[in-house]
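Reading through the structure tokens given below for one structure.
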């Protein structure tokens with residue numbers, strides 16, 4: 001591949017990111033059409049159910065698309081869904097060559113788009129900036145390959161590893177810059193999850209409030225993720241803020257929850273799911289994650305508390321973690337730490353965090369890492 005090819009695909013990735021938080025359950029996709037070395041059309045997938053990136057780019061290119069090269073971050077679809085096949089539009093426009101970053105793992109596509117184009121005489125290349133494209137689409141790729149949401153576990157802690165003082169006070173550990181970033185993550189995610197302990201202790205709203213940090217933020221762009229509460233026994237108070245705030249609330253209970261309480265929660269607008277319980281009498285997380293996946297939830301932000309983080313780790317359901325470290329010390333031998341549960345007995349059994357990266361976040365320091373790599377599972381998706 002030439003340097004120009006890389007630049008055009010980088011532009012397609014930039015365009016794809018404009019749809020972040022708006023396309024679920026579809027992937028982020030960007031497209032660039034080039035003729036005689038010049039960009040003649042661009043587009044990105046803006047929202048699920050609307051035109052795909054390729055269609056926007058072709059419309060902009062118009063007649064210039066004939067004999068051109070299309071750079072697209074994901075294999076064009078060849079099936080009828082909520083929109084017609086992109087391959088048909090590409091062929092009709094007379095595109096000469098298509099450069100794809102990677103194939104689409106969706107079984108409805110999975111190489112069929114590439115095969116259709118090649119069968120009709122279009123030159124196809126696959127694999128340019130494939131890993132970069134997979135990186136921005138981890139929620140979609142996890143949802144397709146693991147049939148569950150991609151899970152980001154997040155917490156803020158002091159330098160001595162505490163998420164609250166001995167008295168339970170935790171407001172605020174992190175600085176405003178860090179909290180603004182968390183609200184941006186909420187804006188971009190399909191759902192956010194906490195345990196009943198967090199609801200009872202903090203009575204959070206679990207909404208997106210970017211305008212609190214940035215007065216210039218356009219509130220018409222604001223979106224609230226689905227709130228998921230792990231509440232085995234149905235202890236969520238009917239006066240809880242999560243039941244009054246904007247957006248939808250899902251409460252996951254087990255058969256331990258009184259039927260009267262379940263009906264009362266539903267009567268005030270909450271959705272209640274009766275879930276299987278594990279041997280500890282708690283929500284069976286793999287079952288819940290599978291059900292969320294079936295409901296089209298591709299990304300989940302897990303905000304705790306510590307027992308919830310521990311349970312997700314023990315069930316191997318955490319894909320990535322984000323840790324805000326505040327320059328504070330609170331001490332206390334029994335002050336809570338970020339990850340509860342039974343833990344591991346030996347250091348050799350520790351959960352390994354890969355691809356650590358860190359950066360300042362206002363007064364704090366943000367560390368991010370990966371526990372479950374989705375990319376190695378997809379090697380066959382970026383080969384010609």
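Positions of Cβ are set from backbone N, Cα and C atoms, glycine also.
When the candidates 148, 186, 282 are compared with the substrate site entry in TrEMBL, which names 170, 206, 209, 303, the shared residue is 186. Cross-referencing 45, 52 with the Zn(2+) binding residues that TrEMBL gives (77, 86) picks out 52. From the candidate list 146, 156, 333, the residue TrEMBL records in the NADP(+) site shared with 172, 198, 202, 232, 305, 306, 307, 308, 309, 310, 311 is 156. Helix first, then strand, then coil: DSSP counts for the domain 'CMP/dCMP-type deaminase' (3-125) stand at 44 helix, 24 strand, 55 coil. Within the set 156, 172, 198, 202, 232, 305, 306, 307, 308, 309, 310, 311 that the record links to NADP(+), no two Cα atoms are more than 28 Å apart, and one pair reaches that distance. You'll find the Cα of residue 186 (substrate binding site) roughly 24 Å from the Cα of residue 52 (Zn(2+) binding site). Proximity to residue 86 (Zn(2+) binding site), defined by a C-alpha to C-alpha distance within 10 angstroms, is shown by none of the binding-site residues 156, 198, 206, 209, 232.
The shortest Cα-Cα distance between residue 77 (Zn(2+) binding site) and any of the binding-site residues 170, 206, 232 is the one to 206.
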